[in-house]
Amino acid sequence: MPVGKLVFNQSEPTEFVFRAFTTATEFQVLLFLLFLLLYLMILCGNTAIIWVVCTHSTLRTPMYFFLSNLSFLELCYTTVVVPLMLSNILGAQKPISLAGCGAQMFFFVTLGSTDCFLLAIMAYDRYVAICHPLHYTLIMTRELCTQMLGGALGLALFPSLQLTALIFTLPFCGHHQEINHFLCDVPPVLRLACADIRVHQAVLYVVSILVLTIPFLLICVSYVFITCAILSIRSAEGRRRAFSTCSFHLTVVLLQYGCCSLVYLRPRSSTSEDEDSQIALVYTFVTPLLNPLLYSLRNKDVKGALRSAIIRKAASDAN
């Protein structure tokens, strides 16, 4: 599908506006402050992870390599959505051009898909570390880690580009359509098309299965082997700590994949239109906030590196 047709499918330009969360001014201010606080926490938490991994040689292992890239994805992922969302909460609705909507959709889908593939890669990394500890450094080489990360981005990039191009070659009715969402996501934009969208829905389901179902199954298989390995640990304290870590990781995975599946894989209905934007808040704010907390900030190595970095920074400022 030629990308050049992305914006020129109409004889006249079309723009979209996002439906407001609420028209009550006091609630607008409250929502703005809440989402701004969550966004700043996401920025601080994920930036801290990237900084500490890049500045401490002891954390330059495959696990922390993937964690830092996950944090970078979360930063980009939320930044594509949240600033525009915040600007629309307060004041009058601001229209977004067809090209701007297409760009936001492309980056949102690409980064979100890469995130899903990366979570599967991280589960495989943990499987190798726990089930094959003696061969971990031989298997998880720097070259393999880089190739897997590039593969995740490539697998996300191609279908995202094709899906976005396919959607924005559709005709849209009128020149000032309202999107029943806080971002240019695929399902709400598809509903605005003035054409038969059954083929586009089928493509969306195929892409969703590729991005959501397959990585989730790989994660489940990895954790089945990890669980079997944990059960063989003789120390009760060791088993408890391992299960505690795995349960937190699986909580984030189930939350992200479950919410995304509800939006992209369930049949379309009139009730799902309003529910989609509410569910999307979970994987826009909650999982990007939980990932640095549960994957890294609970880790003793990361906390120790952060503590030593802060002490060194304070000492250098004092001198």
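In case you wondered, yes, glycine gets a Cβ from its N, Cα and C as well.
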In Swiss-Prot, Leu98 and Asp301 sharing a membrane side: no
Feature N-linked glycosylation site, as given in Swiss-Prot - residue among Asn9, Asn69: Asn9
Other parts of the chain folded back onto the transmembrane segment (144-164), taken as Cβ under 8 Å at six or more residues beyond its ends: 1, 3, 6, 62, 65-66, 69, 102, 105-106, 109-114, 116-118, 121, 186, 203-204, 207, 210-211
Long-range Cβ environment of Cys101 (disulfide bond), under 8 Å and at least 6 residues apart: Phe16, Phe168, Ile179, Cys184, Val189
Cβ-Cβ under 8 Å with the topological domain 'Cytoplasmic' (223-242): same-chain residues at least 6 beyond its ends: 123, 126-127, 130-131, 250
Proximity verdict for the transmembrane segment (59-79) and the transmembrane segment (203-222), three or more C-beta pairs under 8 Å: no
Closest-packing stretch to the transmembrane segment (30-50), where packing means Cβ pairs under 8 Å, from 104-124, 243-263, 277-297: 277-297
